[in-house]
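Notes follow the structure.
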């Protein structure tokens, strides 16, 4: 489910990035009224640009991503500071914290509330983005859980701070709803600052480093797909996971993602709810995918996990949390599939539910027709370097003894770590 989700994932991030750049242009040219086909062309160009940048700059992506993350994190607080410091007027506390107004088109206030919750969910990073990094860190069994906590705390603090700040600086909600900007954030910045130039600068401050972050997200999606395909669960896995000389990325997976993104761009063109569909489709697949290990933990009463690892909690507590999170995941899946406006028609329908059905059906078909007989899971003994064999060699001229490079079951050389574990081997302890 996650592999299918990452195939659809970059499209939502990509169209969001294009909307930010288009909004920066619209702020400076108020008479321009955008058409979806214009953004779709920008989307297709950005899709090709990101793919080319990954091919030719993949080895510099790590340092670029570190720089971009720092800039984006600082930019968020710069934006909040400008909004608070430069706002001419601010909304009342009741407007931000207690006033409720249903403009969704649906008569039910409860339904409107669910729509609002579903929109906020898009802002939260998914844990599998951190899991994919376990290939690149030492002692992943300790580092990755810590990264999970940092990620979720960071998500909560930054999203909450931004939403509250935006709530206070919005002075004309009607103008925000009726804004002609591709992204409503443009109207928010313009209202708060009262300056076109200031709004454009803040938009670019978010969008430019976000472009590097988008490249990193493409890379994460490739890593998730690569890890799944190396279990031999899908026909053509050898071709898809083939590494090419030069770029240190599975280029065939990148090409497939680029083509899928190209096709998904036409959903945005065809549907008034295309943006919500492109964001909701991968999200609903991710969250549905989390249900499998959570339900397994509840059904087995926690016996499905081993006893290793740095962090432990009482078995009853872990099962209780898994049960709570199972209900949470179901709730989120429902929120992401809800129609966004009323009356519901084919044009404004949220088709994310079809992606969910497609993901479930594809997983079942692939497993029964191919995966069941070809799946090769992680061999813990090999991953822990117990069964890895190698011989030392002696240099004929110098007589110096060289320790041979040892490889794990993924055929990945592991000379770096004393325990001879490659990244994928270390993740086996977590899975």
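Glycine is treated like the rest: Cβ placed from N, Cα and C.
The feature transmembrane segment is assigned by TrEMBL to 37-55 (among others). Only residues 6 or more beyond the boundaries of the transmembrane segment (37-55), in the same chain, are considered here, and those with a CB under 8 A from a CB of the stretch are 10, 14-15, 17-19, 21-22, 61, 182, 211, 214-215, 218-219, 247, 249, 251, 254-255, 257-258, 261-262, 265-266, 268-269.
Summarising the annotation, TrEMBL assigns transmembrane segment to 67-88 (among others).
What TrEMBL lists as transmembrane segment is 108-125 (among others).
Among the features that TrEMBL reports, transmembrane segment is placed at 146-170 (among others).
Per TrEMBL, transmembrane segment is recorded for 199-229 (among others).
Per TrEMBL, the feature transmembrane segment maps to 249-269 (among others).
Annotation comment: TrEMBL describes 275-296 (among others) as transmembrane segment.
The transmembrane segment annotation in TrEMBL covers 317-339 (among others). Through the fold, the transmembrane segment (317-339) approaches residues 111, 114-115, 117-118, 121, 273, 280, 283-284, 287-288, 290-291, 294-295, 297-298, 301-302, 348-350, 352-353, 356 of its own chain, all at least 6 residues removed from its boundaries and within a Cβ separation under 8 Å.
For 351-370 (among others), the entry in TrEMBL reads transmembrane segment.
Counting only same-chain residues 6+ beyond the ends of the transmembrane segment (67-88), those with a CB under 8 A from a CB of the stretch are 158, 161-162, 165-166, 168-169, 171, 189, 192-194, 198, 202, 205-206, 209-210, 212-213, 216.
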